[in-house]
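Engineer: To start, I am sharing the structure in question, which I have written as structure tokens.
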Amino acid sequence: MTEGSRELCSPGRGHPERADSRLGAGEEVESSGVALKKQIGLFSACGIIIGNIIGSGVFVSPKGVLENAGSVGASIIVWVSTGFITAVGALCYAELGVSIPKSGGDYSYVKDIFGGLAGFLRLWIAVLVISPTNQAVIALTFSNYALQPLFPTCLPPQAALRLLAAACLLLLTWVNCHSVRWATWVQDVFTAGKLLALGLIIIMGFVQICKGRYYWLEPVHAFETFREYEVGLIALSVLQGSFSYGGWNFLNYVTEELVDPCRNLPRAIFISIPVVTFVYVFVNVAYITALSPQELLASNAVAVTFGEKLLGVMSWIMPVAVALSTFGGVNGSLFTSSRLFFAGAREGHLLRLVAMIHPRRCTPIPALMVTLISTLLMLCTSDIYTLINYVGFVNYLFYGVTVAGLIVLRVQQPSMQRPIKISLVWPAVYLLFWVFLMVFSLYSGPVVCGVGLAIMMTGVPVYFLGVYWENKPRCVISTIGNLTHLCQKLLFVVYPIMAEKLEPV
């Protein structure tokens, strides 16, 4: 980004939804001359993608795919095919990420292509449910496995789980507030740690194969069904496999902090998605060399059961690996979610304060605090998993809307500069798969999908009252402005400069 491309902007400048209503009456937004720094290189970019995709699921409960696929062979095919579809979706996001090089990911793309209301609804469901529930569940999984050695014969108390999860969130929020480099270092280290643990599982699987223990991998046995194949159950298996790759789009949330995004964004995607697919496929192959399908389905923590069977006295490695994996997952989710909130505030869709950054550390402290508080509140509820079921459909809905936006953008702006331009066959393939998943989800769980859509639609009145309605009462504007100034002084943050267009390299 050159000096000539920088433009001092206030919330709402150049945007149809102005954020003036969030300021004091007649108040000007003054740029501080600081901005988010480009500190994320290719290695850290890969760490963000891999670290956010690989959480606890592959260690704890990969059995959902196997249970519904009906056989070992069918489950392996599902893992490979969903990895391929994820790669196709990531390819589409790579073009969007370098064509609209703004942080915020699919929120920014949907807003720019389909308008403010559509973008706001994507942001609304993320702020309200998706980000806090995701982080709360990962933090609770971390605390569960971290406390396991202290409670070997029983489950840890709920109070202890929630307190340790809150401590984990507080620590990692402080790290992210203190330094982007510290946050990416934590992400790199813990991603490497989880890959080493998964590599150990894969190596042990190959050792098992060399010993001739591959009964369930032989074609005649791999497709031996333990339940009849059913189209509905196979579709559910594909759906669960697709959800296991969730997080593949998170690097697009931090585009503006990438070093050379036009090169490193697509490179990181092209490296990370195949790595994750390889890991998922061969970890599940390794599991089946030591566990029968029935044993795998009966286990509540597959990697732990696998370790107990093959590692003996070293079986403690697996619970530790799960704890480390989820600790890194919390860090990655905090890092990327805060940038989504930051981008939304900068566009005038959240309070102006959330778009401010520390002038020396260049970290979005208010956005991180919003992320932390919403997650801590979610820890206090008992319906986290129910909420995840409700909004999972909506989250996947926006993946398809975003990919469809790529086609719309090609039609509306054919001469737009695109450092990467993929064949339209790829978004068409992804959308066909997406339509299949959406239709099946509506068919198999209409109530759950309906509740998810209803939660999303609560954002419509919020949008018109909070964003679209500019002429708010002076007392409301003054109160928000005073609170913003107070919090700005407490957090020592300023409004950053923004590049309206990042120059492709």
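Cβ atoms here come from the backbone N, Cα and C positions, even for glycine.
Just so you know, TrEMBL annotations are computer predictions that nobody has curated.
Pulled from TrEMBL, these are the listed features:
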REGION    1-24  region 'Disordered'
TRANSMEM  40-60  transmembrane segment
TRANSMEM  72-94  transmembrane segment
TRANSMEM  123-147  transmembrane segment
TRANSMEM  159-177  transmembrane segment
TRANSMEM  189-209  transmembrane segment
TRANSMEM  229-248  transmembrane segment
TRANSMEM  269-290  transmembrane segment
TRANSMEM  310-330  transmembrane segment
TRANSMEM  365-387  transmembrane segment
TRANSMEM  393-411  transmembrane segment
TRANSMEM  423-444  transmembrane segment
TRANSMEM  450-469  transmembrane segment
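Show me how these features fit into the structure around them.
Structural biologist: When Cβ-Cβ distances below 8 Å are used as the criterion, the transmembrane segment (159-177) is approached by residues 135-136, 139-140, 142-144, 146-147, 183, 186, 327, 330-331, 334-335, 338, 358, 361, 363, 365, 368-369, 371-372, 375-376, 379-380 of the same chain, each at least six residues removed from its ends.
Through the fold, the transmembrane segment (229-248) approaches residues 49, 52-53, 55, 57-58, 62, 64-71, 74-75, 78-79, 81-83, 85-86, 89-90, 93, 269, 272-273, 276, 280, 332, 392, 395-396, 436-437, 440-441, 444 of its own chain, all at least 6 residues removed from its boundaries and within a Cβ separation under 8 Å.
For the transmembrane segment (269-290), the residues of the chain that approach it from at least six positions outside its boundaries are 42, 46, 49-50, 53-54, 58, 62, 65-66, 72, 75-76, 79-80, 83-84, 86-87, 90-91, 93-94, 195, 198, 201-202, 204-206, 208-209, 213-214, 216-217, 244-245, 248, 251, 296, 302-303, 306, 309-310, judged by C-beta separation under 8 angstroms.
Sequence-distant neighbours of the transmembrane segment (310-330) (same chain, 6+ residues past either end, Cβ-Cβ under 8 Å): 51-52, 54-56, 59-60, 135, 138-139, 141-142, 145-146, 148-149, 168-169, 172, 186-187, 189-191, 193-194, 197-198, 200, 204, 208, 290, 301, 303-304.
Outside the transmembrane segment (365-387), and at least 6 residues removed from its termini, the chain residues within Cβ reach (under 8 Å) are 127, 129, 131-133, 135-137, 139-140, 162, 165-166, 169-170, 173, 176-177, 334, 337-339, 341-342, 345, 350, 353-358, 487, 491, 493.
Cβ atoms under 8 Å from those of the transmembrane segment (393-411) belong to residues 89, 92-93, 95-96, 99, 106, 109-110, 113-114, 118, 122, 125, 130, 242-243, 246, 249, 424, 427-428, 430-431, 434-435, 437-438, 441, 445, 448-449, 452-453, 455-456 of the same chain, restricted to positions at least 6 beyond its ends.
Listed as Cβ neighbours of the transmembrane segment (423-444) (distance under 8 Å, sequence separation of 6 or more from its ends, same chain) are residues 85, 88-89, 91-92, 232, 235-236, 238-239, 242, 393, 396-397, 399-400, 403-404, 406-407, 410.
If one looks beyond the transmembrane segment (450-469) by at least 6 residues along the same chain, the residues whose Cβ comes under 8 Å of a Cβ in the stretch are 17, 19, 21, 116-117, 120-121, 124-125, 128-129, 348-349, 390-394.
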Engineer: Which sequence positions outside the transmembrane segment (123-147), separated from its termini by at least 6 residues, show Cβ-Cβ distances below 8 Å to it?
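Structural biologist: Distant contacts of the transmembrane segment (123-147): 55-56, 60, 107, 156, 160-166, 168-169, 319-320, 322-323, 326-327, 329-330, 333-334, 337, 340-341, 344, 349-350, 370-371, 374-375, 377-379, 384-385, 387-388, 390-391, 394-395, 398, 455-456, 458-459, 462-463.
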